[in-house]
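> Okay, so Swiss-Prot annotates it like this:
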- 1-25: region 'Disordered' (REGION)
- 1-10: compositional bias 'Gly residues' (COMPBIAS)
- Lys5: N6-acetyllysine (MOD_RES)
- Lys9: N6-acetyllysine (MOD_RES)
- 11-24: compositional bias 'Low complexity' (COMPBIAS)
- Gln106: N5-methylglutamine (MOD_RES)
- Lys120: site 'Not ubiquitinated' (SITE)
- Ser130: phosphoserine (MOD_RES)
Amino acid sequence: MTGGKSGGKASGSKSSQSRSSKAGLAFPVGRVHRLLRKGNYAQRVGAGAPVYLAAVLEYLAAEILELAGNAARDNKKTRIIPRHLQLAIRNDEELNKLLGHVTIAQGGVMPYIHQNLLPKKTPKTGKNPSQEL
């Protein structure tokens, strides 16, 4: 054998592949499986459950980061800060419903001015009615 330990697998066998790479995910399937087992959510955890949960978590993270990146770009910034996360989540109807009771540290508040506090719009007719003869 070349450069390996003696014994073990044959030199022609392929290397091990993680469950995350098999599923095409960036989130760790093995870690999610371990956390599901240690969390006492159920006595047994199926093989597909951590893959599905990791895929859902990866999708949610990608969705939030995309919207936060757009908010950062709108503010002419290159780095996402908690304020951008807050703006992204609160401006999206579904994410706001999902994370409605979540407080984001250093997120600030949503800008809102009540209609009664805005200046009144005056109709522009071109001529003042009192000056007409």
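Placed from the backbone N, Cα and C atoms, the Cβ positions cover glycine too.
Because the structure is a prediction, the values reported are computed rather than measured.
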> Gln106 (N5-methylglutamine) to Lys120 (site 'Not ubiquitinated'): how many Å between their Cα atoms?
34
> Indicate the candidate from Gln106, Lys120 with the smallest number of other Cβ atoms within 10 Å of its Cβ, considering only these recorded positions.
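Counting other Cβ atoms within 10 Å of each of the recorded positions Gln106, Lys120 gives the minimum at Lys120.
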> According to DSSP, collapsed to three classes, what secondary structure does Gln106 (N5-methylglutamine) have?
coil
